[in-house]
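The block underneath contains the structure these notes are about, expressed in structure tokens.
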Amino acid sequence: MKLFVLLCVFVLCLASQEKQQDREIPVLCPVCTSLVGKLIDLVLGGAVDKVTDYLETLCAKADGLVETLCTKIVSYGIDKLIEKILEGGSAKLICGLIHAC
């Protein structure tokens, strides 16, 4: 019986977490496109080496949505992100790839 109750609590926690993530995406998307737009400007302006520094500075101070976004970007990979920018990927496309839109 205890195992059943524990399993039910676990399933409810997972369901609650998924709903929270679904609610975050509409709010997270514009924040992401704005941030990725800044990264696109850096890369296309020839400051590829500044992308990592910019993200490290921002993410060190981040909380809430920006912290979530930083986690998504780091999980995706900064090198992959730069590669997508150089391939002509838009901010909306890149944010979709990192599951922020």
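Including glycine, each Cβ sits where the backbone N, Cα and C put it.
Quick caveat, the model's predicted, so the values are computed rather than measured.
These features come from Swiss-Prot:
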DISULFID  CYS29-CYS101  disulfide bond
DISULFID  CYS32-CYS95  disulfide bond
DISULFID  CYS59-CYS70  disulfide bond
DOMAIN    25-101  domain 'Saposin B-type'
SIGNAL    1-24  signal peptide
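Known features from Swiss-Prot, placed on the structure.
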residue	record	DSSP (3 states)
CYS29	disulfide bond	helix
CYS59	disulfide bond	helix
CYS70	disulfide bond	helix
CYS95	disulfide bond	helix
CYS101	disulfide bond	coil
- Whole-number mean of pLDDT values that fall within the domain 'Saposin B-type' (25-101): 94
- Task: Pull out the disulfide-bonded residues from the set CYS59, CYS70, CYS95 whose C-alpha sits within 10 Å of the C-alpha of CYS29 (disulfide bond).
- Result: CYS95
- Message: Between C-alpha atoms, which of these disulfide-bonded residues comes nearest to CYS95 (disulfide bond): CYS59, CYS70, CYS101?
- Response: CYS101
- Between CYS32 (disulfide bond) and CYS59 (disulfide bond): CA-CA distance (Å): 13
